[in-house]
Amino acid sequence: MVSMTKWDEIRKYTSKKIEKNLEIVKLDEKYIPRASGFKYYPMVIERSSGSRIWDKDGNEYIDFLTSAAVFNVGHTHPGVVKAVEEQIKKFFNYTMGYLYVEPPVRLAELLVEITPGNFEKKVTYGFSGSDAVDSSIKAARAYTKRVNIISFLHSYHGMTYGALSATGILDPKLKKLLHPMGNFHHVEFPDPYRNSWGIDGYEDPSELANRALDEIERKIKELNEDVAGIIIEPIQGDAGVVIPPEEFVRDLKKLTEEYGIVFIDEEVQTGMGRTGRWWGIEHFGVTPDLIVSAKALGGGMPISAVVGKAEIMDSVPVPFFVFTHIGHAVNASAAIATINVIKEEKLVERSEKLGEYMLKRLRELQETYPIIGDVRGKGLLIGVDIVKEGTREPDRSLAQKISWRAWEKGLIMITFGKHGNVLRIAPPLNIPQEDLDKGVEIIEESIKDAVEGKIPDEVLKFLRAW
């Protein structure tokens, strides 16, 4: 727990107005367990609109985090607000476990329409990416009558027990304290920039893809082909926006078909237009068996979904998809509105266009600052890999200093990645061009200050990060 004295010391290192924020920060540390998250800055959200947020002290920020890629349509979008208000006036919710409810059925129609696959599909719901991952695991096991699940090192799938067990980014020693479920197996993800095989995946993507596929097939055979599902983020998000070779994803799908394994496409972060496609998997020309969606689906309201082949979804017996508030009417109404906003405002196309622009701008910075080792992304899901100059060695502390200075200058942009050294860029898909440009300007100023040693090491003690 950070002491009162430590927070009193913060005035030595920042001139930012944060007195009202600190009141809540101290209460948070008193009442909320530390396991509830990483707190990057001593700021408390007071209100938000579009691509901007304001804290308790009235400081205004451009939001490049969007609550961890939740607000694809921007904060408090009028269309989403209207849908929520209209549904609340009718009724909050009634359990789908016993009666029929219209909004989740209408939402299912839309999800079936916008997901890949020209076959009959069905949809089940939850409240977070974590529980949706759990539901996808249930479906894979019920359908195949097998038990083992293969996922990837440095993946992030959530914190319910099934999702936690599938997640590969956590410190194994810490994870072991919670006794994760058995029958989960992790293999290496083909990271083109930094992998254990020493392969430059940008220069030789085929070699990287084949090395990873060989490891997966060995694992399948080691498990006597008793594998129910392989769960994959088409682009690893919290690992630092890691994009595998296209042929890897295509050949992985072929491998699952060969062995009768369910291909689970985890789109919690990459879905809903974030990568310049409705779903990240569409960059690879692959049709999954199951798609997991959450985060941006509800436009800020908590809802998740698993969309999958009808025969797989119907293999799960009653009542194993039931939650009391499954398909919550208010949240489902928000999700319907969110999908309609993305369609009407052409945000998928906008994400692709702005993403290309951002990659160009950030790669121009890379030419100036050798501490930028790699810039990668699709659409408006972008990672900037901060390294020790002249190497590929991650520089986590420097990345955190850049993030801190950006906050001081009015930009919310945290760090993440398997080494904690990647700048996370995921603004709303409808962010105004001027906000995008101002954000890049702040990033450059913050990098310059960090490189020139203008950000003291002491700020790191106020920043809890990946």
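Just so you know, glycine gets a Cβ as well, placed from its N, Cα and C.
Record features, source Swiss-Prot:
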{"type": "BINDING", "residues": "GLY129, SER130, GLN269, THR324", "note": "pyridoxal 5'-phosphate binding site"}
{"type": "MOD_RES", "residues": "LYS295", "note": "N6-(pyridoxal phosphate)lysine"}
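A map of Swiss-Prot features onto the structure.
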residue	record	Cβ within 10 Å
GLY129	pyridoxal 5'-phosphate binding site	26
SER130	pyridoxal 5'-phosphate binding site	23
GLN269	pyridoxal 5'-phosphate binding site	26
LYS295	N6-(pyridoxal phosphate)lysine	27
THR324	pyridoxal 5'-phosphate binding site	10
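Of all the binding-site residues listed here (SER130, GLN269, THR324), GLN269 has the Cα closest to the Cα of the residue listed as 'N6-(pyridoxal phosphate)lysine'.
Under the three-state DSSP scheme, SER130 (pyridoxal 5'-phosphate binding site) falls in the helix class. Maximum C-alpha to C-alpha distance over the listed pyridoxal 5'-phosphate-binding residues GLY129, SER130, GLN269, THR324 is 25 Å. Under the DSSP three-state reduction, THR324 (pyridoxal 5'-phosphate binding site) is assigned to coil, being neither helix nor strand.
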